[in-house]
Amino acid sequence: MKVIGLLFSFVFFAIKCKSETIEVYNDLIQKLEKLESLSVDGLELFQKSQVIINATQPTETIDPFTNHNFAQQVQDFVTKFEGLGFTEQTELVNLIKALTPNRYGVKYLIESKEEFNGLMHAINFYYDVLRDKLNDMCANNYCEIPEHLKISEEETEMLKKVILGYRKPIENIQDDIEKLEIYIERNKETVAALNALIAEETKKIQPEGNEDCNDASCDSDKYNKKKPIYQAMYNVIFYKKQLAEIQKVVEVLEKRVSTLKKNDAIKPLWQQIEVLNAAPVVTAETQIVTGGQSSTEPGSGGSSASGTSSSGQASAGTGVEQANTVASVTVTPSVGQNGEASTNPQTAQVQPVPTLTLEEKQKKIAGLYAQIKEIAKTIKFNLEGIFVDPIELEYFKKEKKKESCNLSTSSCKKNKASETIIPLTIRYPNGISYPLPENDVYNKIANNAAETTYGDLTHPDNTPLTGDLATNEQARKDLIKAIKKKIKAEEKKLETLKTNYDNKLTEFNQQKTPFKEAAKEFYESKFRNKLTSEIFEKFKTKRDEYMTKKTELNTCEYGNTKELINKLNKQLNYLQDYSLRKDIISNEIEYFSNKKKELQYNINRLAEAVQAKQNVLVASKDVPLSTLVELQIQKSLLTKQIEQLNKTEVSLNKAQLKDKLYVPKTYGNEGKPEPYYLIAVKKEVDRLAQFIPKIESMIAKEKERMEQGPAITGESEEVPSGPSAESSTDRSTQSSTSSSSSSSSTPAAAESSSATLPEAPAPAEAASPSTEASEETTIPPTTQETQPSQAASSTTPAKPVMTKLYYLEKLQKFLVFSYSCHKYVLLQNSTINKDALSKYALTSEEDKIRTLKRCSELDVLLAIQNNMPTMYSLYESIVDGLQNIYTELYEKEMMYHIYKLKDENPSIKSLLVKAGVIEPEPVAAPTPVTPAATEQQQQQATPDVQSDAPAPSDVSQQPETPVTSTTPEVTTSTEASSSAPGEGTPSGEAGASGTEGATASNAATPAGTSASGSAASNASTTSDVTPPAAAAAVPSTSTPAPAQPPAANSQSGNPDSGIRSRAESEEDMPADDFELDNLYKSYLQQIDGNNTEFINFIKSKKELIKALTPEKVNQLYLEIAHLKELSEHYYDRYSTYKLKLERLYNKHEQIQLTNRQIRDLSILKARLLKRKQTLNGVFYILNGYVNFFNKRREAEKQYVDNALKNTDMLLKYYKARTKYFTSEAVPLKTLSKASLDRESNYLKIEKFRAYSRLELRLKKNINLGKERISYVSGGLHHVFEEFKELIKDKDYTGKKNPDNAPEVTNAFEQYKELLPKGVTVSTPAVAVTTTLAADAPATPEGAVPGAVPGAVPGAVPGAVPGAVPGSGTDTRVAGSSVDDNEDDDIYQIASGQSEDAPEKDILSEFTNESLYVYTKRLGSTYKSLKKHMLREFSTIKEDMTNGLNNKSQKRNDFLEVLSHELDLFKDLSTNKYVIRNPYQLLDNDKKDKQIVNLKYATKGINEDIETTTDGIKFFNKMVELYNTQLAAVKEQIATIEAETNDTNKEEKKKYIPILEDLKGLYETVIGQAEEYSEELQNRLDNYKNEKAEFEILTKNLEKYIQIDEKLDEFVEHAENNKHIASIALNNLNKSGLVGEGESKKILAKMLNMDGMDLLGVDPKHVCVDTRDIPKNAGCFRDDNGTEEWRCLLGYKKGEGNTCVENNNPTCDINNGGCDPTASCQNAESTENSKKIICTCKEPTPNAYYEGVFCSSSSFMGLSILLIITLIVFNIF
């Protein structure tokens, strides 16, 4: 199907989030104001006489020799324009600036006028284009357009005609190849003519004679000579501008023609035209008719052409470049994918054309051209390439987009026209928050601005704020005083400023209307070329007055002062509120901090006990089972304690966030401006509203088509079109990916069966055969995890369902949900005027869809989520909302507790009296006797008040009482909350105050009631000391419904929630369940009665507190519960948005980093390829050294090949990494710390795999480096031996090849120990030279005598230019391209030795060229070998270091991924393990996995140890061999110094610089080798330590597994091991580390037994004093304290205190082992052995250890609470 592949890409053509920041708007306004000023000033300065129709000609022109002001005015004017940055006019501006200082130049400019007119044309053009841009930007009153910058419709239309009409001729012929070619040829002629004109004008420009004219010597003759030069300078600029435009046109049109001719459908048609043009023309009588063709038909091409034409017309609008396949039926019956013609031989064959008459020929050609034109219409032509000016190009794109909207079937234009435009100030009564620029957002995220700054808080004196403002109370008080002082000072000025402002505003408004009229008249007359001097002067006057008044109004301080006072008041209110709630927050932080310390202390004690037992068990051969049980219980408790610690850490983080001093942008009752993210959401809603009808229309047409044409099958539609719509897929690849991710993450419970299929595969399968862009889209692991689990098991066949209609319907469902969701988010959070917002009200169907899929802010499109400014707006809105919630929650909590305590606590009553809330009590009068009836009435009234605080037991006994018919609104709200709990809570509700506001809030927010209900449930069931929470639980029948009924309803769906909180102990209780009511109560009870701040707070709430009644208190409690839930909701959003922003920031950083890696690797690859080419060059080498250089060259070739392969691998890896980050999307709905950790692990594994592929070649390169060092070392040895021969005989010229072979062999043998294993040195032979010479070209002229006539490579990686291994100083490398930049040492290639320092000339003594020919050639060879040695030595060090580092990094990444399973045991705040050895807490499967992976890591360490050891051995051997050679060099120097013959000594001393240099080389290499060997030794020690740690950990894990296996055996035989469990419980109770109830719960869960079974030995019957209890025995403590141990059944007492197995137990002996009071019975067991059954009788009916002991007391003597706890634990 042609459309399906493009469907999901086309969907999001309009769904893109565009950020227009306030900076963009301000910059545009500033630029336009400058352009407006230049336009008016320029008309006055340059064009007055040209534009104004009745302008009087000046009596005399401006004379630059007498008028010195004009030149300065021009300079200032041009400088202002240059500052605007319009680069296309740079040459013209520079010309005017160059001519203005010269009086001749000024005179020319005045006379010519062309330069000024050109500049003014550009200014007016930019002014109009940018005014039009501002007009579009501020459409629908999105922003305000200043009066003097508005543009009329006439001007807009004219601008469109000028820019679009100028390119219209090209658009008219863009599909006609014939006309395009003619047009191209004509423009090429124009290009040639312009080039000739430019060359001609350039010749006229003479550099001489450009001096200025400043005296009387200036005359007209000199000016007449200069004028043609000035004119030529302008002409060159003018012609170049035209040339650039025409060349762009030619380039674009040639590309267009080439694209059309290469098209698979057009190509055969074009071939037919060429054949027809070349065919002869005859008369009609002689024409030949082809076989099988009617004589009346013009030809096969003609008939097929007509069919093709209609086919092309039918499919013209289906895609951007789909027409590549259309019309190919002319010669091919079918077309393959991507527009490639079928391989049928008939398709590639152009049939022979019959000879036609001229008329027939022309008609046939015209028909073919018509077909081509129809096909070309469907192939996209990008006209944007012809534009030179970017401002003009931007306008063209904008207008073309508008045209496409107007031409489409959508109602975008109609909707805009019919929409009632509401002014911006009315639409957004509180204004708009514009987004921050992206770079500012990145900086804020990098610096964690929300947590490291004080928000919108500044010191009134503009001094820096202290860093301890949150903790330093005095600093806050000082700041509050300073703010109050500043407010008073500013308010004093405000009245005067207000009067001044009103006066200036009145004056400005008075000038506004006259200016508008004058401006309208001016621009209209100028537009119609009817501008008169009167109109212009009037406009100038009114404009000057208007701009003056506008400037005065803008500079008025009233507005700024008022804003400053509002800001200061906001800061003051916040600081005062913060100071009030600071004590409560501090207490909360202290509570959770203490709880954390307590947990950490318990964890440390448990961890030490666990480790001690673990060590004992590891070291012991015989492990007591009771100790195993104790260990397992402690480990289980340790895990739970760590979980509890992390929960407490989360609660502590929440409390610390409350403690964060952060002044929001809006606070309290201040009007909140519309957040930018809601503006983005509104745009998406508007776009979806336009797009959904189009999809519905497509669905209707598709259904109609399927009904009309049932014969059309999916197979016919599977024939894909030509090259797919690359433009649409490129625009929306990420959006389509995001659509699938978003849609797949929203379950549709009520959809049809087809709707349950995953959304993601649909676009992927559809787009894969047609677009490259979609193939490159990578779906990350985090996105894959959002797919429904049932996707893989779907039974619906894929092919029958994958139809165009199926796709359209799925798309429509997703868009409808997205539309409903975005509308809901907008409705819940927007501050838009109600009338404007009513347009977006949800229909009943939309609300149903939204409710079923539980829409929230997390469902916004990825285009919004992945936009940094928009996402930061979401985050900032949540941060501000949290601060408001914290304050409101404090106020309501305080009022609630004040009301509750006012009658109980005298100090509270005293505070209320001081604040004037209640009247002081009158003096007590004698109490009269109360009649019985009155007392009875009081008793009846008392429950109405006291029922607000019932006992927890009362609550549990009356769960259904509040659910009555008197509370329908609450019940309804509760039912609604079940569908969307807390997802769409409006942020504005957090600011509601008062009971009336809360009622409205709860009515609008279903989640509020459910949230408060759960809070009340927790309050009433978790603690006996929470009267405030329980107070509203059971109200009187006359009160509104409290929080309890929703809690009851919510518990019915999840019975765990209420019961578990009762059953758990305080240690096991989640930290979040701790009720903070006691903090408020304690604070109020301890507050100082003279606390003026708190008294002022009570005064501010005086009326609200007075109005409180029991009913309103219940309502207040509901509001508090709702705010608590809302704060949790906001905190979750805060954490998620923060993670998202950090994710986007890290993604941005990773993309930049990876791009740098790709750039560096690309440079490295280019240099390696260049080096590879160099290695194949031609070199001339001194005879006798061919083998050294040849072997080194061969090793170098392999080295470069390996490096290239590794570089290609790394490039592939980093490109895939970049692709992953750019295409991957992390939806908010699935974003979490865990998902980011999984992503991080995925990336580490990918890096691990990439590095693993490099290892083998890195190892090979190290070995190749050893080879090269060995060969170069041999060459140096041979050089030294040759110099020794020269010292003996200065006439020595070297040995011939046969005689030289043994010496070469000896040189190789000297350093063969440096070769890697498996590499041997082949003995050089005479044939070596012969072979080289055979393949070599003839020795070129000028070759040095004695050189080997062969091409012997000698270049190395990093060879320095000039370092030529030749046979003489004049010998050069032939055909080499040596890389002269060797500083890039990325991964494989090491940098060479720095050659910046000047090199000492060691051959300076040998001045006679003819006498020392061989010496100088040998010296050059030595220089080359020396450079090779230094470079090879540096390279092998770098390769070895990089190889070891890569493996270490790979191993570390592997271990980090491995340790991910231990994250549960990390402290959230420090990211460190809570205990030292977290491995012991893993289960067996994970331990096995850890062992396998640790063994793999150990294997890697062994390889590193082997590599390092081999490296140490190599460098030590290198030092040893070089020391021997160094000693020989020193000896030779000493021999020369000791020479007695003066003549010989002077001759030999010439060689001392060479020998000293060789000595220095050896000393340098030896020193560096020893240093690196020591470094490798340190690495080796570290590797051994690391290996030892891994081995110890592996052994410990194996021991842990053995212990766990024994424990598993114990669990399997739990029924027989109850006594062991009892012993373990007893020991644990004695230790004090584990509570009695806690240990039994853990043991019950571990043994999978009923908790009561573990009470076989009650704690009071557990032995305390008896220590030496043998194995297979049980100990019992009587009620009187007597302790006794007895052997268990099946065992008997042996020698000493032991119990041995009893193979034949009988009741006759020792009562069979039963208690003496018990009855004993013999029974046959399944193993044909006897078994004893003991039965305890009254008065001791309770059996212990299967009747070995009998007692009168049983488990029923235990605490009833413990029994209930165990029962509940086993049930749930």
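Keep in mind that glycine also has a Cβ here, set from the backbone N, Cα and C atoms.
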Disulphide pairing with Cys1707 per Swiss-Prot - partner from Cys1699, Cys1714, Cys1720: Cys1720
Matching range for Swiss-Prot feature annotation, region 'Disordered', among 328-349, 1362-1383: 1362-1383
Confidence summary (mean pLDDT) of the domain 'EGF-like 1' (1661-1703): 83
Intrachain C-beta neighbours of Cys1734 (disulfide bond), sequence separation six or more, cut-off 8 angstroms: Leu1689, Gly1712, Gly1713, Cys1714, Asp1715, Ala1718, Ser1719, Cys1720, Ala1743, Glu1746, Gly1747, Val1748
All-chain count of other Cβ atoms within 10 Å of Cys1714 (disulfide bond): 26
Protein Cβ atoms within 10 Å of Cys1663 (disulfide bond), excluding its own: 18
Rounded Cα separation (Å) that holds between Cys1663 (disulfide bond) and Cys1750 (disulfide bond): 15
Closest of Asn1446, Asn1680, Cys1687 to Ser1751 (GPI-anchor amidated serine), Cα positions, recorded positions only: Asn1680
Pairwise CA distance, Asn1680 (N-linked glycosylation site) versus Cys1750 (disulfide bond), rounded so that it is a whole Å: 14
Local Cβ density at Asn829 (N-linked glycosylation site) - other Cβ atoms counted within 10 Å: 23
When distances run from the Cα of Cys1707 (disulfide bond) to each of the recorded positions Asn1090, Cys1675, Cys1699, Cys1736, the nearest one: Cys1736
Cβ-Cβ neighbours of Cys1736 (disulfide bond) (radius 10 Å): 20
Three-state composition of the domain 'EGF-like 1' (1661-1703), taking helix and strand from DSSP: 1 helix, 16 strand, 26 coil
Cα distance (Å, whole number) from Cys1687 (disulfide bond) to Cys1736 (disulfide bond): 17
Nearest-integer angstrom distance between the alpha carbons (Cα) of Asn1446 (N-linked glycosylation site) and Asn1090 (N-linked glycosylation site): 69
Sparsest-packed of the listed glycosylation sites (Asn1090, Asn1680) - C-beta count within 10 angstroms: Asn1680
Cβ neighbour count within 10 Å of Cys1687 (disulfide bond): 23
Packing count at Cys1720 (disulfide bond) (other Cβ atoms within 10 Å of its Cβ): 22
